[in-house]
Structures are given as structure tokens and as C-alpha cells.
Amino acid sequence: MELTFYFAAAVATLATIMTITRYNIIHALLYLVVSFLAVAVVFFTLGAPFMAALEVIIYAGAIVVLIIFVIMMLNLTHEDVDKEKEWLTPKVWVGPAILSLVLLAELAYIILAPDTQPTEALVAVDARLVGMSLYGPYMLGVQLCGILLMAGIVGAYHLGRQKKKVVHRFLQPKEERSAAI
Amino acid sequence: METAAPNYLLIIGGVLFVMLNVAAALIWVERRMLALWQDRYGPNRAGPFGLLIVAADSIKLFFKQDWVPPFSDKPVFVLAPAIVVVSVLLSFVVIPFAPGIIVADLNIGLLFFLAMSSMGAYSIILGGWASNNKYSLLGAMRGAAQMISYEVFMGLALMGVVLMAGSFNLREIVEAQRGLWFFIPQILGFVIFFIAGIAETHRLPFDIPEAESELIAGFHSEYSGMKFGMFFIGEYMGITLISCMLVTLYFGGWLGPDFLPPIVWFIIKVVAFLMIFILLRASMPRPRYDQLMEFGWKILLPLTLVNLMITAAVVLWLEG
């Protein structure tokens, strides 16, 4: 299992780097999907099969699809790719990269420091355990998420609502039609 | 998961072989059955009963020029048809065909199926987008919206079965149906899953992403040769997969009276569902796109939630 973990982690890292450096947005999103799938494998090897499945279903299967859906409507062309190329100069990314490197060094230190090694063995967390903790200690969080999502749905419905349009003159009520003529 | 039996490779090879051949055979079956139900002959020249039409079709597909449009996004264009076949074939991994005949007895089998079917949406979206063609793009957008919406009801409808069986493991779900198949207590869930399954495989009457009459084949209008063949095979394997899932989840999988072996019961049930899929194609008109979405979000979603609540309440009541 150890080897699969490192392989999946390497794939995830590589795919994420490719995501950031692609100029074509759809290609970048495809690498993002690969990255999510790799992270799902990482979850699986760490003993969380339920989280792995959810990662694929929700992130790779729904959220990225929706992002691609929006990108498709933007009708991006080669000019946009060239423009993206112009924007991504070293001047832009060197600053954030240095800051992230500092964070990476910190993370590496925390992981490698001897006193922070996890002592207990890995425990497989299946769907039942996830459900027990969601509806046990984290009940309030679940409720709050539910309220937030409900607000989102109501808002989306309000924004998307439109007056019913008549698409054909024969479907109009009779008076309107004669008035239009 | 440690089912490394000596015939493990045999099962994998057998499942692959059978599924790919079923997909090919379905082309002939579908054309013959459509013809029967529409009162005409169908393919009847090549070989006995026109059986060789499958061979003729595949030879034709293989020898056709494999044209990649110069205006397309080549890597994505080539990748798209492979995704659908891979994702559908991977889903067959978790299906228990009979006791012992299962490739991977995963504890999250049902979720794995849902995950793979949601990956299938990519092939439509990417295929339509990479073709760089207005009709394809329209088809891809319809496909994306349709598959994402119907995945929601599909997953929620399945949760009724999960509640009753108390497991995501498909083998345990089949075992839990000894005595009473789930389609009786879960009739609502069954109907919704069936409708969502048709939408998910974008078969008629829900073949809106490809709608020949308005979108000239939609997302795959630029595809030719075996790349088109992959979409085609993917679709037939998709309906086989949905039929297998319907049988496993609602019709007791391999369970049946003892005079036939379990695998035969499974095949009989799956074939019955395949016929229903074909009959639907022969008899139903295609709804409008907005009607489909409205039907999904305004009727199916509330119904699934009601079904889920009632099932949960009954299960709790019976337990406590």
C-alpha cells in the first residue's frame, strides 16, 4: 500500500503543477481531474474508501464538469491562449512561488519532526463510521451546511426564474394573438 | 477484497470478453427488435437472420478513414471516446454476476459505480467541445446538464436500497434481497433509477445530446471510423451496465428458483431489461430539452427525497 500511496501522491503533485502551467483552460481542467483522481487514490490507500468515492463523485464528477460547462460557453480561442501566455511571466509567479516554498518547507519540517509522528496505526474509516461522526459530534456542522445549501438553492431559483415565454403564436391566448395581428 | 482465487484472471477476462461481445451483439438485437416492433424486416441479408451484419458493420468501421478535423483540439478529441468505454468497463468490476463471479468485491461498490458513471459525462463534454463545431457544442452542453442533473436523482434513488440493505456492497445488497426483491418496497426508487439510468446512458427517449433531427448527431457529429465506434460501443455497454445494476439492486441479482443456476437467472433478468430499453426506443417520442430538465428537478427530485424519507422512517420504525 505504501508504494501506491507514493505513486498516487506523485501523480497528484505532477498533475497539479500541469494544471497551473497550462495555457489552455480545458487542458488545465483535465489535469485537475487527474489530480482529483490521484487524491482519491491517496485517500483510499490511507484507509478512507468512502472519502475516496466521494472525492471522485463530487469533485471530479460534478464540480469540474460544471466548471468545464461554464468554460465551454465562454468560447475561448487561440487568442485567449496567447493572452494567457503573455500574462504568465516570471514576474507574476515568482513571488507566490517563494511564499509557497516557505510553507512547503514548514510542512516538510512538521511531517519529518520526530515528535509529531502519528503513533496509532491506520484505521479504515468506512461509510458507517463517517455517518456516525457526521450525525454524532458534528451534527451542528451538518445542519449549518444544510441551511447554507438551502439558501443557495432558493437564491439560484430566484435568479433563474423568468416569465413564461410563449414560443409559438398558436400557443398564445386568442385575444393576444388577434391584438398582435 | 482479498479474493485472489486461482480463476481470478479467468473472471476478469470472461467479464471483458462477454461485455464487449454483448455490446456488439446488441447492435444486431436492437435493429432486429426495432424492426419487429415497427412491423418491418430489419437487417436480414448478411448471414442467417442477418447476424453477420455486426461483422460487416465492424469491418466497415475499422476500415473507414479515421479523420481528425484540423480545427479540433486533437489530444482531447482523441481522448474523449476512450473515456466512455473505460469508465463503463470499470463499472462492471463491482457487479456480482453470480456467487463468486465478481471481479472486485468492494465495500463501496455502489459508490464506485456512481463515481464511474459520473466520469462518463466527460466523454460527451470533451468530445463535443474538442470537435469545435456548434452542433457538437450544443450537444455537449445538453449532455453535461442532463447527466449532472440525473446523477443527483440516480444517487439519491439508490440510497433507498442502501438503507434497506445496510451496505454499499453489491453482493450484500443481493443477499439482503432473499425473500423479497427490493423493487416491491422500493418501487418509487426503482422507477426513478430506471428513468435516471436512461438519461445517464442518453438513450432514446432521452437522447437529447445527440438528437439527430435537430443537432445532426450532437456531440459526435465530427467523429468517424472507430472513434465513433467507441461512442457506439460505450452506449451499448452503458445500457447493459444499467440493466445489470437494475437487476442487482432491485430484482434480486442472481437469486431465483433452484432449477436454473444463478448466473442463468442473472442473464435472463438482464436480457429482459435490455429488451425494455429497446422497446422504449421503439415507442417513445423525445421530450424537449427544457421539459426534460423541468421533469427532473421539479418532479423526480422531490419524489426521490420523499422516497428516501419514507424508507428511512420505515427502516427506523422496524428496527426500534
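Even glycines carry a Cβ here, placed using N, Cα and C.
Heads up, TrEMBL stuff is auto-annotated, nobody curated it.
These figures come from a predicted structure and were not determined experimentally.
Note on the transmembrane segment (B:7-29): residues 43, 50-51, 53-54, 57-58, 89, 92, 97, 101-103, 232-233, 236-237, 239-240, 274, 278 of its chain, located 6 or more positions outside it, place their CB under 8 angstroms from a CB of the stretch. Per TrEMBL, transmembrane segment is recorded for B:7-29 (among others).
According to TrEMBL, the feature transmembrane segment maps to B:75-102 (among others). Here the transmembrane segment (B:75-102) has long-range neighbours at 3, 5, 11, 14-16, 19, 68-69, 109-110, 112-113, 116-117, 119-120, 122-124, 126-127, 129-131, 170-171, 174, 220, 222-223, 227-228, 230-231, 233-235, 237-238, 241, 244-245, 248, 253-254, 261-263, 266, meaning same-chain residues at least 6 beyond its ends whose C-beta is under 8 angstroms from one of its own.
According to TrEMBL, the feature transmembrane segment maps to B:108-129 (among others).
Look at TrEMBL and you will find B:150-168 (among others) tagged as transmembrane segment.
Taken from TrEMBL, the feature transmembrane segment applies to B:180-199 (among others).
Among residues of the same chain six or more beyond the transmembrane segment (B:228-251), those with a C-beta under 8 A of the stretch's C-beta atoms are 19-20, 22-24, 26-27, 30, 58, 61-62, 81-82, 84-85, 88-89, 91-92, 95-97, 110, 113, 117, 120, 123, 127, 158, 161, 170, 173-174, 181-183, 186, 189-190, 193-194, 197-198, 200-203, 220, 266, 269-270, 273-274, 277. What TrEMBL records for B:228-251 (among others) is transmembrane segment.
The feature transmembrane segment is assigned by TrEMBL to B:263-283 (among others). Through the fold, the transmembrane segment (B:263-283) approaches residues 26, 29-30, 33-34, 37-38, 97-98, 101, 198, 203-205, 239-240, 242-244, 246-247, 251-256 of its own chain, all at least 6 residues removed from its boundaries and within a Cβ separation under 8 Å.
For the transmembrane segment (B:295-318), the list of distant contacts is 149-150, 152-153, 156-157, 159-160, 163-164, 185-186, 188-189, 192, 195-196, 199, 287: same-chain residues at least six beyond its ends, Cβ to Cβ under 8 Å. Among the features that TrEMBL reports, transmembrane segment is placed at B:295-318 (among others).
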